[in-house]
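As structure tokens, the structure follows; a few thoughts come after it.
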Amino acid sequence: MEEFNSSGSVVNGTGSTEVPQSNAEVIRGQIFEVGPRYIKLAYIGEGAYGMVVSADDTLTNQRVAIKKISPFEHQTYCQRTLREITILTRFKHENIIDIRDILRVDSIDQMRDVYIVQCLMETDLYKLLKTQRLSNDHICYFLYQILRGLKYIHSANVLHRDLKPSNLLLNKTCDLKICDFGLARIADPEHDHTGFLTEYVATRWYRAPEIMLNSKGYTKSIDIWSVGCILAEMLSNRPIFPGKHYLDQLNHILGVLGSPSRDDLECIINEKARNYLESLPFKPNVPWAKLFPNADALALDLLGKMLTFNPHKRIPVEEALAHPYLEQYYDPGDEPVAEVPFRINMENDDISRDALKSLIFEETLKFKERQPDNAP
């Protein structure tokens, strides 16, 4: 087994920088205006609203990842970009991806793209699980790092809401960093999340049952459910609840956990959803050891505490870290929390695209002001 190191991240950004055209490189038809500091660009991949390249940082002599985001034509992309920048420029934790630098033009009117510079990670858990089975040691270490990062996120009063294998970045020394905070929210049990299900369909498999049954009342336990799904996937190399649609997803969950008890049904505040569940024929639960016959017994014990139908009975992140399965890594003195909880309003659903653009511009400006080195 490889030696596990903790990668110290050098955060030495220059902030928002005006980028002249002469400092541009073209990667697969996309212009990257990130010179002269960032050179030798190489394609990594692309998502819905941006391309990612690796580059040499001439200031730190490190290889970094640069994400080019062109969000301003779409409301949703603007919202996600703003959330990501707002959160990640304030978070500082070994198991959460950092923002080292942000580049954009100096004029808001001319701002078409934003370049976000981050720590370079070689792969992600989704890709890793496609290619190899993990040893129990690797599963244990990855799970510990996920929960260590999540403890920090939850201590900041933030829900990630989109934890899944492709949002867990890995490097060669098995360091893990949580990324993609585009769907994150302040933890507010009264917030109505009705638009969430339509906002991002691809992550249905990792959604807690209460998300599909209630429009509000979400707590930090929705992220714990997602971590449970990820642990199950690490144990078997396949998703535990691969629902094809909303009802199929629910049936997959009930097919494993069994029918919810009368007590558990009480946590469903949507009467229609509760009546539907009560109308279903009784289903027994499937023992975890039958589903995962080769898994460590302690891993399955923790899995059962995370994949609990009732969110009020689901294990909180602090207790999960203290579980005997993670005993070899557990160190409360080295599991930092956020210095202050988030008080910034991230509910930007009703803000116009132009206003979102202004807020993104302002956030990049604030980031520059917080940097120790403000030299251009």
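Here the Cβ of each residue, glycine as well, is placed from N, Cα and C on the backbone.
Per Swiss-Prot, the features are as follows:
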- Asp162: active site, proton acceptor (ACT_SITE)
- Ile44, Gly45, Glu46, Gly47, Ala48, Tyr49, Gly50, Met51, Val52, Lys67: ATP binding site (BINDING)
- 38-326: domain 'Protein kinase' (DOMAIN)
- Thr198: phosphothreonine (MOD_RES)
- Tyr200: phosphotyrosine (MOD_RES)
Sparsest-packed of the listed recorded positions (Glu46, Asp162) - C-beta count within 10 angstroms: Glu46
Secondary structure at Gly50 (ATP binding site), reduced by DSSP to three states: strand
Distance, Asp162 (active site, proton acceptor) to Val52 (ATP binding site) (CA atoms, angstrom): 20
C-alpha spacing of Ile44 (ATP binding site) relative to Asp162 (active site, proton acceptor), in angstrom: 22
Other CB atoms, at most 10 A from the CB of Ile44 (ATP binding site): 17
